[in-house]
Amino acid sequence: MAAGKFASLPRNMPVNHQFPLASSMDLLSSKSPLTEHRPDAYQDVSIHGTLPRKKKGPPPIRSCDDFSHMGTLPHSKSPQQNSPVTQDSIQESPWQDRHCETFTFRDPHLLDPTLEYVKFSKERHIMDRTPEKLKKELEEELLLSSEDLRSHAWYHGRIPRQVSENLVQRDGDFLVRDSLSSPGNFVLTCQWKNLAQHFKINRTVLRLSEAYSRVQYQFEMESFDSIPGLVRCYVGNRRPISQQSGAIIFQPINRTVPLRCLEERYGISPGQAREGSLTEGRPDVTKRLSLTMGGVQAREQNLPRGNLLRNKEKSGSQPACLDHMQDRRALSLKAHQSESYLPIGCKLPPQSSGVDTSPCPNSPVFRTGSEPALSPAVVRRVSSDARAGEALRGSDSQLCPKPPPKPCKVPFLKAPSSPSAWLNSEANYCELNPAFATGCGRGAKLPLCAQGSPTELLTAKQNGALGPRNSGINYLILDDDDRERPWEPAAAQTEKGQWDKGEFVAPLLETVSSFRPNDFKSKFLPPENKPLETAMLKRAKELFTNNDPKVIAQHILSMDCRVARILEVSEEMRRNMGVSSGLELITLPHGHQLRLDIIERHSTMAIGIAVYILGCTGTLEDRAATLSKVIQVAVELKDSMGDLYSFSALMKALEMPQITRLEKTWTALRHQYTQTAILYEKQLKPFSKILHEGRESTCVPPNNVSVPLLMPLVTLMERQAVTFEGTDMWEKNDQSCEIMLNHLATARLMAEATDSYRMNAERILAGFQPDEEMNEICKTEFQMRLLWGSKGAQVNQAERYEKFNQILTALSRKLEPPPVKQAEL
């Protein structure tokens, strides 16, 4: 760009001082007249690239002009000195001693008009775009997804702290920007009570498993999955950002240019966060170009690789735009005709007291030309100091990906443990006290804030110390040790032995089933019994046949409410569960044992009904009558009791392949109990299908349900692996994924409506007096002892179900043998 300005100039010519080139570039408004010099004292004009090379001798003494951050217009001028001053942009002052070839350090605050012109030309190229293009680019950003932070005009990206304070002028004004002191985090800047305030948005990483994690954002109270959601809540509800400040936001300050323009205008890239924060409090400090080693290293490290605009500007031997850095590790560059010599060694400046330094000798190795280095090392920055003795990358080599850094043989320069300077400017935020849940992590034992990574969190956890508050990222991890550690509910009890409801009590992790068949005392069963004893089967059949279907349904509902912990839940049981109902407990991780018990009762009841149909009948008419009685009980459970859990168990028994294959039995049912058969085909089967597809909300009034459908949820949560064998019918549907989401959504509603289910069950069972014998055969322990015996009831679930499935198949084939195929002739 700048080379085109000088293309018409010859290499050897005296420059006319009456029309200086600097004035044509509108860089300097006014300067003192130049001191008269001989024409032969001027050096040749260098047009190699865009930056002139430093000549021999001491640097000229110039006046220090402070420019704005744009680098185009002067802010203020210091008094001029009468020493020789360079005014032309490409003209060099003559040196009196031409034999001096020593490297000198340049003061970063001394301005070089030539270097300022390079930055001026770049920013003029950036900003000289038509408003229509900028408006179109801004509209494209605002049309992104609402969850994308860039789609909100109140997000201003990487703007300095001082600029954000100037944008908020009235109480309630706010904007969101990137944190320059903590890259990757965000800051909300607002004005309240005529004072600009900055609130760092706390970022929490929830690690649900080794492969999945979720990020949440919060100020003090509620956490959100996205920053737009957080802002919408605080703006819409006029909620104070913090209790201490009471700041309320309601008026967003919108940006008028794309984020790219803001980034290029203020010259702050993601890697420049900490360096940029040093000068944010001083807007009058010029961000000027510098050929210092520190500037090169900082720009090399912090230049974003994905910025195509900046990469495009670097071509040939033109170096990248080098911004000013605070550390003054400078090294002048030697110039020889058109070749550039880049020294690899560096010289460390004098360190402040208290810092242990080790001198690094200069390396005599140089790289010539503008070819990329063969093995350029990445310059790394540790704290506020840098390593020495690493190669300086060329301008063209920056276009290529950086290779992994080589080990540095120079010892690190460790700064004292006192707070850094940048903490006093950018990292000062208003105090927030996030309300993290201490129940799962037990508060002080598990640190919620860790700076850097989860590894530091675990280290802090072992040391028993909390991490620093200003890290901005919180990791919540629940490891195996925390899960397996026995809970201590007694710690939450008062001295009088009473539970304080205002204090959190860690729930009890149950590991033993509530069903204990061997400890069950029965009027019908001896202490030890064999599976399927004939006398016990006949007694159970008599009770089932002689009672009304509604009475049987009431006994089943009463027992279901106890097993699911809907009714008869004591205070101690609530304290151990951590919730008030078992319907909510089955949705929580520590409800594992209750889910297993629910699966056990459901499967045992279905198998018991199948045995009642197949093994307790003699003639075809008896089987048809038994089938009719089961259907009537299912109707009562559905309509009168609202017990969808046991209703699904009875329907599972009726739809077993060992039952559906009994064609003669179903034919006799249609002939002798026609109304019951029609009721089963037209109402019960379609309703069961709707339930298992997650569409019960469309056909079941909520005020009529006492026990909801539980099996799809507990089956999904307890299934160890995805298998195609043993899956339910709804899982083989083409819409199985949508059905699964319906069941999960229903589970959330079920956990919220536990009080409604409890009141419905109490209303339905009001005045119910259970029969002792009928109540006993409805218990799960009795059914387990009856089906598997006293010894078989202790065997694994899967093994018991598999063997009994074979028994049912044998009974079904005995009652109605399969048709014999004719022998092939």
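Glycine too: its Cβ is placed from the backbone N, Cα and C atoms.
Here Swiss-Prot flags A2 as N-acetylalanine.
The annotation region 'Disordered' is assigned in Swiss-Prot to 31-93.
Look at Swiss-Prot and you will find S32 (among others) tagged as phosphoserine, backed by similarity to another entry.
Annotation comment: Swiss-Prot describes S78 (among others) as phosphoserine.
According to Swiss-Prot, the phosphoserine annotation covers S83 (among others).
Residues or ranges marked as domain 'SH2' by Swiss-Prot: 154-253. Helix, strand and coil counts from DSSP across the domain 'SH2' (154-253) read 17 helix, 36 strand, 47 coil.
Taken from Swiss-Prot, the feature phosphoserine applies to S182 (among others). Taking the Cβ of S182 (phosphoserine) as centre and 10 Å as the limit, one finds 22 other Cβ atoms among all the protein chains shown.
Annotated phosphoserine per Swiss-Prot: S290 (among others), in sequence order.
The N6-methyllysine annotation in Swiss-Prot covers K334 and is backed by similarity to another entry.
Feature annotation from Swiss-Prot assigns phosphoserine to S358 (among others); the stated evidence is similarity to another entry.
The phosphoserine annotation in Swiss-Prot covers S363 (among others), and the record cites similarity to another entry as its basis.
Annotation source Swiss-Prot lists phosphoserine at S375 (among others), citing similarity to another entry.
Taken from Swiss-Prot, the feature omega-N-methylarginine applies to R442, supported by similarity to another entry.
The phosphoserine annotation in Swiss-Prot covers S471 (among others) and is backed by similarity to another entry.
Restricting the average to the domain 'Ras-GEF' (548-818) gives a pLDDT of 89. What Swiss-Prot records for 548-818 is domain 'Ras-GEF'.
The list of residues near the region 'Mediates the interaction with BCAR1/p130CAS' (744-748) in space but at least 6 beyond its ends in sequence, with Cβ under 8 angstroms from a Cβ of it, reads 587, 694, 696-697, 708-709, 713, 716. Under the heading region 'Mediates the interaction with BCAR1/p130CAS', Swiss-Prot lists 744-748.
Cα of R748 (site 'Required for interaction with NEDD9') to Cα of S182 (phosphoserine): a distance of 37 Å. For R748 (site 'Required for interaction with NEDD9'), the number of other Cβ atoms no farther than 10 Å from its own Cβ, over all displayed protein chains, is 10.
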